[in-house]
Amino acid sequence: MESVMEAQSPLAEDGFSQVTRKGGRRAKKRQAEQPSTQEEGGDATCMDTEEARPAKRPVFPPLSGDGFLSGKEETRKIPVPANRYTPLKENWLKIFTPIVEHLGLQIRFNLKSRNVEIRTCKETKDVSALTKAADFVKAFILGFQVEDALALIRLDDLFLESFEITDVKPLKGDHLSRAIGRIAGKGGKTKFTIENVTRTRIVLADVKVHILGSFQNIKMARTAICNLILGNPPSKVYGNIRAVASRAADRF
């Protein structure tokens, strides 16, 4: 049993002495918990009197190129196929101007390795500049116009997606040629219609299809192209993508 001790309090009232019970471990534990609960109650009353302040979101400044790279240079190399040498040479001024002036990067075309090389330097301020420049050059190499590819530098929510027609349906010979013709349409009418409705840009290079746009728009354009490959008539595909586009416009 726990030992019980009696102690007289100096503040006695009416001639009666106040008796406090002191026990063993349990009593000491209760006495230690009482002050902490009193402090919590006092803090709660103080907090009730104060006005509730909304929590502020932490603001982190963007990383600078110098602090992130810490003196190390990063490089990206984009191979250039033979059929894109002439367009690259003709549009070289339009390509390197935004990369050098706006992104603060260094760019060159290596004649030996046939690669476009981009690297960071002291003037690079944005950490994502190298990735944006590489995507911009890659989009031009795939066949997009310089004006369309520039959107990859200006906007953050644009992406590139590539797939092959044979990934959707294993076609060969004349069947593959007809599938390519259904995607393009007479004079490119079908391709232009899909681009305008889905707000994307499409490049049809042999059996490869490249789509430039936002995630949701790429999904709509890819669905329409896959339906054409599988044999759906263009009129039905037009109706489907217009319905999906109108629902997306109403939602936003």
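Yeah, the Cβs are placed from backbone N, Cα and C, and that goes for glycine too.
Per Swiss-Prot, the feature domain 'KH' maps to 173-225.
Annotation comment: Swiss-Prot describes Met1 as N-acetylmethionine.
Residues or ranges marked as region 'Disordered' in Swiss-Prot: 1-66.
Over the domain 'KH' (173-225) the predicted model carries a mean pLDDT of 92. Across the domain 'KH' (173-225), DSSP classifies residues as 35 helix, 11 strand, 7 coil.
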